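Copied over from Swiss-Prot, here are the features:
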type     : residues : note
TOPO_DOM : 1-23     : topological domain 'Extracellular'
CARBOHYD : Asn6     : N-linked glycosylation site
TRANSMEM : 24-47    : transmembrane segment
TOPO_DOM : 48-55    : topological domain 'Cytoplasmic'
TRANSMEM : 56-77    : transmembrane segment
TOPO_DOM : 78-98    : topological domain 'Extracellular'
TRANSMEM : 99-118   : transmembrane segment
TOPO_DOM : 119-137  : topological domain 'Cytoplasmic'
TRANSMEM : 138-156  : transmembrane segment
TOPO_DOM : 157-193  : topological domain 'Extracellular'
TRANSMEM : 194-217  : transmembrane segment
TOPO_DOM : 218-233  : topological domain 'Cytoplasmic'
TRANSMEM : 234-256  : transmembrane segment
TOPO_DOM : 257-267  : topological domain 'Extracellular'
TRANSMEM : 268-287  : transmembrane segment
TOPO_DOM : 288-328  : topological domain 'Cytoplasmic'
Amino acid sequence: MRPSSNVTEFVLLGLTQDPDVKKTLFVMFLLIYIVTMVGNLLIWVTTIGSPSLGSLMYFFLAYLSLMDAIYSTAMSPKLMIDLLCDKIAISLSACMGQLFIEHLLGGAEVFLLVVMAYDRYVAISKPLHYLNIMNRLVCILLLVVAMIGGFVHSVVQIVFLYSLPICGPNVIDHSVCDMYPLLELLCLDTYFIGLTVVANGGIICMVIFTFLLISCGVILNFLKTYSQEERHKALPTCISHIIVVALVFVPCIFMYVRPVSNFPFDKLMTVFYSIITLMLNPLIYSLRQSEMKNAMKNLWCEKLSIVRKRVSPTLNIFIPSSKATNRR
């Protein structure tokens with residue numbers, strides 16, 4: 001399927017045209033990307049490999065971290081490469097691919113946060129029935145549903161955009177391909193089209209964000225009936241989830257609950273959502289949860305101990321013992 005357009009390539013103006021600022025941003029994005037990948041993959045490996053994190057809550061956290069790592073890899077390297085180029089050109093198919101991946105993973109993460117909120121609600125409101133309600137099969141099905149939700153949302157965006165005529169010019173004042181910058185290139189009035197985009201993106205974000213805030217309030221209310229020790233154990237998980245929900249949904253609402261328009265501030269918001277937030281998520285979850293920190297410490301100390309035991313005999317072959325040296 002081809003779009004109703006003669007445009008085959010777009011030129012992105014990027015974040016800035018200042019060479020010095022580009023170099024600074026490149027170094028900053030590279031460091032953030034490394035921290036993001038290390039943090040998210042560390043959580044994923046720790047959650048999968050640590051017996052102490054056998055709770056199904058950490059099952060969802062593991063795949064949220066994996067999703068963030070994939071999202072970061074899909075966005076950050078392209079942004080960093082663009083900072084080294086004088087002209088940022090992207091083909092129509094690559095632009096559509098970037099848009100598809102962005103909304104696929106972003107949509108899946110939104111639905112996964114809903115699933116995680118439901119998981120916490122069941123764990124706190126019905127602790128005796130938790131393992132019956134949230135068994136592993138149910139968790140896998142909910143994870144698949146979250147991915148399908150993101151896929152449907154992304155496909156709707158792409159199919160909708162492909163059916164519209166793009167007249168040009170082919171210059172996009174943005175750092176990535178996104179819906180509103182592309183809609184500004186259309187040959188027709190974008191008012192009603194913008195309402196459709198708001199319905200498929202912004203309103204969904206607002207409704208889910210409101211639902212999640214209410215659910216967090218209900219969960220916090222349930223915690224009042226718990227003992228002080230149980231509250232102290234459950235509260236960091238709830239607070240971490242609330243912070244991550246705010247980091248994900250506030251930029252989404254800002255960018256998609258409005259008429260079709262492209263503001264300079266959108267570039268910073270895109271960087272915050274697609275780079276900064278993905279770095280903060282693992283830090284928030286790991287630093288606020290003692291179970292996660294202890295599991296990381298125990299797992300990696302155990303791994304280092306195993307490596308040390310395997311390496312020591314090999315080193316002893318090459319390093320003569322003190323007794324052998326004295327005999328000589």
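The backbone N, Cα and C atoms fix where each Cβ goes, glycine too.
With a cut-off of 8 Å on Cβ pairs spaced 6 or more residues apart, the transmembrane segment (268-287) and the transmembrane segment (24-47) reach 3 or more such pairs and are scored as touching. Away from its own ends, the topological domain 'Extracellular' (257-267) comes close to residues 15, 173-175, 178, 180-181, 183-184, 190-191, 193-194, 197-198, 202-203, 205-206 of its chain (Cβ-Cβ under 8 Å, at least six residues beyond either end). Listed stretches 24-47, 99-118, 138-156, 194-217, 234-256 were compared with the transmembrane segment (56-77); the greatest number of C-beta pairs under 8 angstroms is found for 24-47. This prediction places the mean pLDDT of the topological domain 'Extracellular' (157-193) at 80. DSSP places the residues of the topological domain 'Extracellular' (257-267) in helix, strand and coil in these numbers: 3 helix, 0 strand, 8 coil. Outside the topological domain 'Cytoplasmic' (119-137), and at least 6 residues removed from its termini, the chain residues within Cβ reach (under 8 Å) are 56-57, 59-60, 215, 218-219, 222-223, 226, 234, 237-238, 241.
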